[in-house]
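Here's what Swiss-Prot has on this protein:
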{"type": "ACT_SITE", "residues": "Cys82", "note": "active site, nucleophile"}
{"type": "ACT_SITE", "residues": "His169", "note": "active site"}
{"type": "ACT_SITE", "residues": "Glu171", "note": "active site"}
{"type": "BINDING", "residues": "Ser223, Gly224, Gly225, Val226, Asp227, Ser228, Ser229", "note": "ATP binding site"}
{"type": "DOMAIN", "residues": "5-195", "note": "domain 'Glutamine amidotransferase type-1'"}
{"type": "DOMAIN", "residues": "196-386", "note": "domain 'GMPS ATP-PPase'"}
Amino acid sequence: MKKADILVLDFGSQYTQLIARRLREQGVYAEILPFNVSLADIKAKEPKGIILSGGPASVYATDAYFCDKGIFDLNLPVLGICYGMQLMAHHYKATVAPAGHKEYGKANIEIKKDNALFKNLPKKQTVWMSHSDKVENLPQGFEVLATSENSPFCVFGNEDKKFFALQFHPEVQHSEFGKNILKNFAKYACNCESIWNMGSFAKTQAEKIREEVGNDKVLCAVSGGVDSSVVAALLASAIKEQIIVVFVDNGLLRSGEKEQVEFMFKNTLGIDLISIDASEIFLSRLVNVTDPEQKRKIIGNTFIEVFEEEAKKHKDVKYLAQGTLYTDIIESSVVGASKTIKSHHNVGGLPEKMNLKLIEPLKEIFKDEVRALGLELGLSKEVVYRHPFPGPGLAIRIMGEVNRASLELLRKADVILLEELKSTGWYDKTWQAFCVLLNVKSVGVMGDNRTYDNAVCIRVVDASDGMTATFSHLPYEILENISRRIINEVEGINRVVYDISSKPPATIEWE
């Protein structure tokens, strides 16, 4: 079992993943586990500290979430955040009750006592609150470390036990010294060293791959995106003579994608590529399918069938490698008290029985870490900083049924969007940009004629790891040019809209 410096127990907060991200940015390896993980599994990870995340529940409610009480007897530092703070207070017999004044947003706190968390930080600072319950009295054995206008127990702790509790969220950007607070917990309370980086990760993963695979061969599925490209490069660094790299044209690719991928692997990466045209089988199975979860699962199952058929043509192929990320795992499974968001075609969309064993060397890291790993492995910036493209391709960017006509419309619109962003320098400033073909038509006027055609939505977002995102504030003149060109150049589209929702509450992809 892989060891972790710090374990984050997930009680359902939308910010839980950010806790792990902030620690990893400091060179400390943090891993997220469900709140009800067993004490034995915690001990097996040999952590140096534990963090209890926030969450939507109330500790006094009948449906409250509780972790194993034994974590408070492991002689390990524990940091409780929001719900985690209230859980710690409740465990040590303090009263937690509904707050008369709910706090959502920025608040000012004042440090009342020097302590490990706030070492070398200002006495007054701005933090981000998001809670509707409050701790009414100090738990026995603890002391107040900081206060806010609405909370005399905003931060409390027991420095002998190295237990600390925060009512606010240090993991979000709005807490101005939040990253420093988490770093201080790791460094001064847990004695963690900042030694985890992509160089050490690459070395460890290469060793694991060699050990697991032995003399067998690995089928490596690639899409041309950064995730699968990094997987291929990592496998090549470990077992180059044992990998068979396969690209499947599922008929759901962007314009020119197949040719770009083939050129990149053969000429830029120097890796032999087997290209399979399976567009007919994919598109035939998507006829009359409109439900997004069904689309993902059909595509996931079909990919595996195609890969397994290819594997039969080669001797000793026992493994299938994929570019599954930590974010895919999180969104496709129930982690702690968090809910499933969507099935990813290479996680929740996989069939239960496969003839090939899975290798997912990136499943413990986030997107920005994958990019750093790619650079570490010698991939070019052009490859590493390509915008993410989902495994199910354009199928989940077409609302409703997928067919050749709708795919052609979407491809043409997408080409224009990317051309405009690249020519204005905005492509490299954004995380992801794409068009969505909506399953609605609208009335328009072109020339002197009435039209009743399709609408396209433009989605352009800024993000660092894909767990959260905000819509990109593109200049109006760029949006105007994109809209004008799509409507004038793509017959069958008469309306363009811009998606200004953030993640959360929306996801980046529409399906």
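Cβ coordinates are placed from backbone N, Cα and C, and glycine is handled just like the others.
These numbers come from a predicted model, not from an experiment.
Overlay of Swiss-Prot annotations on the structure.
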{"residue": "Cys82", "record": "active site, nucleophile", "CB count, 10 Å": "26"}
{"residue": "His169", "record": "active site", "CB count, 10 Å": "23"}
{"residue": "Glu171", "record": "active site", "CB count, 10 Å": "26"}
{"residue": "Ser223", "record": "ATP binding site", "CB count, 10 Å": "21"}
{"residue": "Gly224", "record": "ATP binding site", "CB count, 10 Å": "21"}
{"residue": "Gly225", "record": "ATP binding site", "CB count, 10 Å": "19"}
{"residue": "Val226", "record": "ATP binding site", "CB count, 10 Å": "24"}
{"residue": "Asp227", "record": "ATP binding site", "CB count, 10 Å": "24"}
{"residue": "Ser228", "record": "ATP binding site", "CB count, 10 Å": "24"}
{"residue": "Ser229", "record": "ATP binding site", "CB count, 10 Å": "28"}
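Shown in sequence order, Val222, Val230, Val231, Gly323, Arg386, Phe389 are the same-chain residues outside Ser223, Gly224, Gly225, Val226, Asp227, Ser228, Ser229 whose Cβ sits within 8 Å of the Cβ centre of the ATP site. According to DSSP, Ser223 (ATP binding site) sits in a coil region rather than a helix or strand. Note: the CA-CA distance between Ser229 (ATP binding site) and Glu171 (active site) rounds to 30 Å. In this structure, the C-alpha atom of Ser223 (ATP binding site) lies 37 angstrom from that of His169 (active site). Proximity note: of the listed recorded positions (His169, Glu171, Gly224, Gly225, Val226, Asp227), His169 have a CA within 10 Å of the CA of the residue listed as 'active site, nucleophile', given in sequence order. Candidate binding-site residues: Gly224, Gly225, Val226, Ser228. Nearest to Glu171 (active site) by Cα distance: Val226. Within the model, the domain 'Glutamine amidotransferase type-1' (5-195) shows a mean pLDDT value of 92, rounded to a whole number. Cα of Gly225 (ATP binding site) to Cα of His169 (active site): a distance of 33 Å. In three-state terms derived from DSSP, Ser228 (ATP binding site) belongs to a helical segment.
For the pair Ser228 (ATP binding site) and His169 (active site), the Cα-Cα distance reads 34 Å.
Here the C-alpha separation of Val226 (ATP binding site) and His169 (active site) works out to 31 Å.
Here the Cα atom of Gly224 (ATP binding site) is found 37 Å from that of His169 (active site). Counting only the Cα atoms, the space from Asp227 (ATP binding site) to His169 (active site) is about 30 angstrom.
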